[in-house]
């Protein structure tokens, strides 16, 4: 057991370092983009169009790649697959670490677009599958919450560190930390490959024919890679494998659709509520950063310390519903904000809203066996990526319309209210999940594991 706890601690360190490298460049990338494309100006339509195109391509790519990466991790191991996205994420940072001039920016833009189709979200997806391999059903929600708390902590420390660094130094630090994350992971993290000969686990998806060893066992890891690629039919079959999995996929779609409307890239679609707050209360970028930092601190504390205490008495199903309901109320507060202090007060609700994603992922992990954790998490990641593509197409024009003089009626926060309605749909759907029975049938194999 002590060996497994140490392995999970190495996973948490890997996720923290990787997240720190990704988050530390967020405050600087806007200024770098403006300087490279439109120096000396406060507005740049080219930057918006290029960033919008980039995010659309990345979104489509991740929606297609997440199920594939998850499935390959079931075959070849989590550590092996983690190496690919973590290594690829270094390249764009290294380009801007050399220079932030226009030519280097375009090189970064191209490489970022290509590499993010694989690296965006896949590290979290594989980390969740790694945890599911080593944590019993009853403790997964707590473990997933701790993992989310580690990511939130990385965001907080990265945001604070970025305030003391120049733009060029920021990318140099990001390059170094991302390289350190890969080296640390390769040295200390143990491989985790599901045992396909475990009779206690019955895969939902039909196994393809593998290589027969001398002892008669089938080693699917020696199959040609193209034979391990899940088809659309496989993904649909996985989603339909249990009512709870189907309902969780629906909840994930609507929750991500709402989240995509609230938390989109500032350069691309801009935060829908940031347009609203800027128009209503004249918020500047420092105030937006303060809001994000406060939310990050609250999220870290809640996921690391509060959520693990609530999972056992309440259950992940109810935590999911509570998180969605409070998220809905939070959006309503934003839409009706009557004073500049309201957004700060509403941010305090993050202590509950952050329960949503870890609880949802925990429910999903219980619907499949040990050999399909990668497929399941990759499938849900693909669904959320699809929702994040659609969200800006709906909410950004809606926000712009109701902040303009051509609005059909005066309600600047109408787009935020629509986000609240979307979250209410997810909340209602979450109640249909009910109690989620474990289908993984591996609890006895890992019940001795402590978070």
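Glycine is treated like the rest: Cβ placed from N, Cα and C.
Please treat TrEMBL annotations as automatic predictions, because they have not gone through curation.
Summarising the annotation, TrEMBL assigns transmembrane segment to 7-26, 81-107, 144-165, 171-189, 248-271, 291-312, 319-338, 385-403, 409-428. Annotation source TrEMBL lists domain 'Major facilitator superfamily (MFS) profile' at 7-438.
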Exercise. Between 7-26, 291-312, 385-403, who has the most Cβ pairs under 8 Å to the transmembrane segment (171-189)?
Worked result: 7-26
Problem set entry | Long-range Cβ neighbours of the transmembrane segment (7-26) (under 8 Å; 6 or more residues past either end) | 82, 86, 89, 93, 96, 123-124, 127, 130-131, 134-135, 143, 146-147, 150-151, 153-155, 157-159, 161-162, 165, 170-171, 173-175, 177-178, 180-181, 184-185, 188-190, 192, 451
Seminar exercise, completed: Contact set of the transmembrane segment (144-165) with the rest of its chain, CB cutoff 8 A exclusive, min separation 6+ beyond the ends, reads 11-12, 15-28, 124, 127-128, 131, 173, 289, 292-293, 296-297, 299-305, 307-308, 311, 354-355, 357-359, 361-362, 365, 451
Exercise. Other than its close neighbours in sequence, what residues sit by the transmembrane segment (81-107), given a CB gap under 8 Å and a spacing of at least six beyond its ends?
Worked result: 14, 18, 21-22, 25, 32-33, 35-37, 69, 72-73, 115-116, 118-119, 122-123, 126-127, 167-168, 171-172, 174-175, 178-179, 181-182, 185-186, 189, 374
